[in-house]
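Visitor: Encoded as C-alpha cells, here's the structure I'll be asking about.
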Amino acid sequence: MSNPRHNEREVRSPRGDELNAKSWLTEAPLRMLMNNLDPDVAERPHELVVYGGIGRAARTWDDFDRIVATLKTLNDDETLLVQSGKPVGVFRTHKDAPRVLIANSNLVPHWANWDHFNELDKKDLAMYGQMTAGSWIYIGAQGIVQGTYETFVEAGRQHYGGNLKGRWILTGGLGGMGGAQPLAAVMAGACCLAVECDETRADFRLRTRYVDEKTHSLDEALAKIDAWTKAGEAKSIALIGNAAEIFPELVKRGVKPDIVTDQTSAHDPVHGYLPLGWTVAEWRAKQENDPKAVEKAARASMKVQVQAMLDFWNAGIPTVDYGNNIRQMALEEGLENAFAFPGFVPAYIRPLFCRGIGPFRWAALSGDPEDIAKTDAKVKELLPDNKHLHNWLDMAKERIAFQGLPARICWVGLGDRHRLGLAFNEMVRNGELKAPIVIGRDHLDSGSVASPNRETEAMKDGSDAVSDWPLLNALLNTASGATWVSLHHGGGVGMGFSQHAGMVICCDGTEDADRRLERVLWNDPATGVMRHADAGYDIALDWARKQGLRLPAILGN
C-alpha cells in the first residue's frame, strides 16, 4: 500500500502578480502553503514535513491537493475550515472574516499525549502542525534567527558586560529551528559549536549560509573554536555527532563554553532525538517498526545530555533550555533537578513580551527580493530611533539567505506593528511593491501561547498553564479580520505541554485591508500586553497605560 504522506513531486510557490485564485485573500494562503513545502524551505518536503520532527503542512498529499483546489475556487465571502491538515468544510461568512480557519493537533487534555496522538496519526486522523508548519507561515530558519539573536545578545549583556567577542556557545540541533543558532551566535559576536546527528541537516545549513564550517572530529571543532575565540573572530562550526555523547565528553574533558543551550527536537522522543549508540539509519527504521524502543532509548539519552547541561550550570556557566522540553523529558526519567537551569524566556525574553514585542514577519508574494529591500527601508524610516533594530536589518540583509519566497523577521511590538502594516499596504497600493505581501508571526509570541516549560514558564502569578489566553487571541484575531487564523496544540514542546495560536494577514493594497490591518496588528500584540499585565508585570502594566488599553479588571478602566 502506498504511503499517502509520501510523494516525490516538487512544490514551489507561484511568483509574480498573476492570480491563480479568485483574489489575493485566497492567493495568499495558497502561496504560503506551497512555500512551506518548497525544497529550499522544508526539512522533508516529500513527506509534507516542514520542520520540528513531524510538523506538517497538510495531512496527506490528497489533502494538500484538495486544499489547493479549494483555495483556487474560494469566494471572498467564504471561509475554508482545515482540521489537522484536512479541508473539511467551506462556509458562507463575509468579506472581513478569515478566508481560512485552521485547528491542528488539538486533543482533549486527558488524551493529550504522544501515545494517543501517534495512534491517531497512524490512522490518518490527525496531523502535528508544530507552530508555523500547519499554519502556513514558516519562512525557513530566518523565522527564529532574530529571536535567537536577541536571546544571545541579552545573555551577553547579563553575563559578559554586553560583549560576546572571544566567547563561544555550545548547542545541539540544526533542524528548522535549531539551524538558526550558529548564524544568530555569529551575529551576536560569538562563536558557536553546534552538534548535529543528521549530516544532511548540517549540509542544508552550510548551503544556506547559516553555519560556516562542518567537521566529524570533536578535536578539530574545539581547535577551531579555540583559534577563532583567541583571534576575536565570530564563526560557527557544525560537529556531526550526538549531543548526548558530545556534551558529557566536554564535561569530562573540563571544556568550558561561555553559554550552553540545546535545540534538538527533544519535544518528540520518537522522531526528534537520536538515541545514544544508534545510527541515523537504524533510528529512522525503528521509528516505523519499533517506536516504543526508540522513545525509551531517546528519553534515557536526553537524561544524559541534561545531566551534562546541569554539570555546566553547576560550574557557573550560563545554561538555558531553548524551549524543546528536554528538561521535562529528563525529569520524567528520574533526573530530579532537571529544572535547576532556566528556560530562555524567563531568563532573557519576557521583558520584550511585556511590551508586545515578538516575531513579526512578512513575505513577498511577488518572489522578488527587491520587495523585501524596500520594506526593510520602510521599517527604518518609520522607526528611526530604533538603532538596535536597524543593526539587525543591516545584518539580516548581509547574512541571511532567503529560503523560498523572500521574507523578513523583525521583532517589533504594540504600537509599531499596525503602523508597519499600514505602510506596507500603501506600498502595495501605489505600486512600490510588485505584488501583495503577507504579515504573520510565530506562535511563540507574547499573547498567543500557553506553554509552562517555555513561553509561560515561571509566570509571576503562577498562571503558567492557563490556556485561555491563546484561545482568546485566536478568537480576537478572527473577529478582527485576519486572513487566516490557526489554533494548535503541542508545538515546540510536544503533546500535552502547549496550546498556541497564529494569524496571517494579507496586504493587498485595498482600503478594506487598511481597516483589517489596523485592527489585527493592534489587537494581536495588545493581547500579549494584557496577558502579562494580568500576571502583574510592571513593564506590561506601564505599557498598557501608555498605549491606552482598556483592561477593566486589570487597570480598572
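Glycine too: its Cβ is placed from the backbone N, Cα and C atoms.
Below, the features straight out of Swiss-Prot:
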{"type": "REGION", "residues": "1-20", "note": "region 'Disordered'"}
{"type": "BINDING", "residues": "52-53, Q130, 176-178, E196, R201, 242-243, 263-267, 273-274, Y322, G492", "note": "NAD(+) binding site"}
{"type": "ACT_SITE", "residues": "C410", "note": "active site"}
Visitor: Where else in the chain does the region 'Disordered' (1-20) make close Cβ contacts, counting only residues six or more beyond its ends and a cut-off under 8 Å?
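Guide: Answer is 27, 30-32, 34-35, 37-39, 45-48, 56, 59-62, 72, 124, 365-368, 404-405, 434-435.
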Visitor: Do you know which of the recorded positions A243, C410 has the most other C-beta atoms within 10 angstroms of its C-beta?
Guide: A243
Visitor: Between the Cα atoms of E196 (NAD(+) binding site) and C410 (active site), find the distance and write it as a whole number of Å.
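Guide: Here the two Cα atoms lie 27 Å apart.
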Visitor: Count the residues of the region 'Disordered' (1-20) that DSSP assigns to helix (H, G, I), to strand (E, B) and to coil, and report the three numbers in that order.
Guide: 0 helix, 0 strand, 20 coil
Visitor: Please report how many Å separate the Cα atom of G52 (NAD(+) binding site) from that of C410 (active site), as a whole number.
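Guide: About 22 Å separate the Cα atoms of these two residues.
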Visitor: Rounded to the nearest angstrom, how far is the Cα of C410 (active site) from the Cα of Y273 (NAD(+) binding site)?
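Guide: Taking the Cα atoms only, Y273 (NAD(+) binding site) lies 30 Å from C410 (active site).
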Visitor: How long is the line from the C-alpha of C410 (active site) to the C-alpha of A243 (NAD(+) binding site), rounded to the nearest angstrom?
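Guide: Just about 30 Å between their Cα atoms.
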Visitor: How many neighbouring Cβ atoms, not counting its own, are there within 10 Å of the Cβ of E196 (NAD(+) binding site)?
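Guide: Step by step: centre on the Cβ of E196 (NAD(+) binding site), count other Cβ atoms within 10 Å, giving 29.
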Visitor: Who sits close to S265 (NAD(+) binding site): which same-chain residues at least 6 apart have their Cβ under 8 Å from its Cβ?
Guide: G52, G53, G173, G175, G178, H271, G272, Y273, N324
Visitor: Going by DSSP, is A243 (NAD(+) binding site) sitting in a helix, a strand, or coil?
Guide: helix
